[in-house]
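Engineer: Feature table excerpt (TrEMBL):
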- A:86-98: compositional bias 'Gly residues' (COMPBIAS)
- A:3-81: domain 'RRM' (DOMAIN)
- A:79-98: region 'Disordered' (REGION)
Amino acid sequence: MSSKLYVGNLPYSVTDDSLRSNFSEYGAVASAKVMTDRETGRSKGFGFVEMGTEAEAQSAIDGLNGQSVDGRSIVVNVSRPKEAGSTGGGYRSGAGRY
DNA sequence: GCTGAGCGG
């Protein structure tokens with residue numbers, strides 16, 4: 001399931017609805033969650049968006065990754081990318097596959 | 001009405 005997208009470097013103006021709207025353009029958004037600080041109530045600057053399918057997720061990445069939003073380049077990538085190579089250390093094989 | 005780590009629960 002690589003339909004989970006990690007969105008980082010987001011402006012504090014972005015909210016769950018904003019992410020959903022932005023990702024909704026590229027596909028069906030299963031769930032959009034912006035990590036807003038519970039204590040201060042401000043956005044942490046990153047969020048998570050889960051698409052219906054991986055294709056839509058990749059489409060959203062290809063469309064929103066590295067794009068300038070609010071004058072800042074946002075980062076859109078699959079949640080917890082699997083770094084191929086090294087054995088052990090990091091994430092275990094299973095989730096994360098292009 | 002601001003600032004800035006980046007993978008939530």
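From the backbone N, Cα and C atoms, a Cβ is placed for every residue, glycine too.
These numbers come from a predicted model, not from an experiment.
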Engineer: Give me the DSSP three-state residue breakdown of the domain 'RRM' (A:3-81), ordered helix, strand, coil.
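Structural biologist: DSSP classes over the domain 'RRM' (A:3-81) add up to 20 helix, 30 strand, 29 coil.
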Engineer: Which value does the mean pLDDT take for the domain 'RRM' (A:3-81) in this predicted structure?
Structural biologist: 90
